[in-house]
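S.K.: Feature table excerpt (TrEMBL):
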| type | residues | note |
| --- | --- | --- |
| TRANSMEM | 26-50 | transmembrane segment |
| TRANSMEM | 70-86 | transmembrane segment |
| TRANSMEM | 136-154 | transmembrane segment |
| TRANSMEM | 199-220 | transmembrane segment |
| TRANSMEM | 241-264 | transmembrane segment |
| TRANSMEM | 276-294 | transmembrane segment |
| TRANSMEM | 306-324 | transmembrane segment |
| TRANSMEM | 330-348 | transmembrane segment |
Amino acid sequence: SQYSAVDTNPLSVYIMQPIWNKIIKIVPLWIAPNLLTFSGFVMILVNYFLISFYDWDYTASGASPGLVPTWVWLFSAFTTFCAYALDSIDGKHARRTQSSTPLGELFDHGLDSWATSIFVLSFFSVCSRDNGRTGVSVYTMYIYLSIVLFNFMCSHWEKYNTGVLFLPWGYDISQVVLIAAYLLTGAVGVEVWQKPFLFGYYITDALVILLIGFSLFLSFPQTLYNIHRAHLKKTLKNDSLYEGLLPLVSPLLLFFLLTVWVILSPGNILAKQPRLFLWMVGVTFSNVICKVIICQMSSTRPELFHWFLFPLALVVYAAISGLLGWTEEAVLAVFTALVTAAHVHYGVCVGRQLSEHLNIYIFSLKKRVQE
């Protein structure tokens, strides 16, 4: 299917696009677009693991503000900007080198579906978790992450139904806010997040309110409106309501199972292992959404229940019924490792299949020699 995307965000159109158009000119023509996409993703990962090293349980910023060195925050700003730039120019570079392929589109959106959660998880280290005075509770973190992922899901569900990806406004705004937050933290220190700045509200409160406002009053209604408009114009990809709603079943079930685990966990798993749990949420979500992206690109029907849901349901049942007892954290660690490995394996397999099918290399513009 032909790729079509619409970007109406003034920040993107008037400020960022002209910057990307200048940056793209310095990228050598022999570099494969997927290499740009992947490099950006690797930078996000490196940054995430670096922050995790200094702040595994999200307490560093609140408990002892100097624990994460200043250079880490500045490095975060730098990597976030680079990843944002690379993610914004990969498509332009593909058109420049006339190497736009479905593989590139899948690679870009697939990695985005994973990067989205990693951005959020890195940012939580800035505001730190609730220590009685300042910070954000782990439950707020979970809700916050879920809303961001819900937004991501909406834009791809919309594309599944309309054939057009309406780029969410939140994306550019969130990237610019993230970079600014890291720079501010690097310049002033984490203390800036721990003092009220307006009417007794903290900056983090403002960001949470902004995020929820953006999602519920801008992104989601926009998605429904775009689908409704396609319905009126008779350009919807799916005739039946059942088929149109099908891609939502697995992500919503996933969210339901995870929330049940969070609320009913006897050992309070989210408070004990927020980093592991939220990482697992991001990975499982990414895998579920990748399936939807592939179905939408190949015009096939997604299965009703994603296979991750079955082992997850078993683990959640074992945890909340008390069967796991004190091993709950260990089981979470093993489950997280397994789904992460499964997700990476899935990505590698799909990439290889597509590269063979389309007769191209993933990270090189050289053509494959026909067998």
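Placement of Cβ uses the backbone N, Cα and C atoms for every residue, glycine included.
What's the neighbourhood like for each of these?
M.R.: Beyond the transmembrane segment (199-220), the same-chain residues lying 6 or more positions past its ends with a Cβ under 8 Å from any Cβ of the stretch are 127, 134-136, 140, 144, 147-148, 150-151, 154-155, 168-170, 173, 177, 192-193.
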S.K.: Is the transmembrane segment (306-324) close to the transmembrane segment (241-264), in the sense of at least 3 CB pairs under 8 angstroms with a sequence gap of 6 or more?
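M.R.: Yes, the transmembrane segment (241-264) contacts the transmembrane segment (306-324).
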S.K.: Quick test of the contact rule: Cβ under 8 Å, at least six residues beyond the ends. What residues does that give for the transmembrane segment (330-348)?
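M.R.: Same-chain contacts beyond the flanks: 110, 114, 269, 273, 276-277, 279-280, 283-284, 286-287, 290, 308, 311-312, 315, 318-319, 324.
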S.K.: Let me spell it out: take the transmembrane segment (26-50), skip the flanking residues so only those 6+ beyond its ends count, and list any with a Cβ under 8 Å from a Cβ in it.
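M.R.: Tertiary neighbours of the transmembrane segment (26-50) are 72, 75-76, 79-80, 82-87, 89-91, 93-94, 96-97, 99-100, 103-104, 107-108, 111, 114-115, 118-119, 121-122, 361-365.
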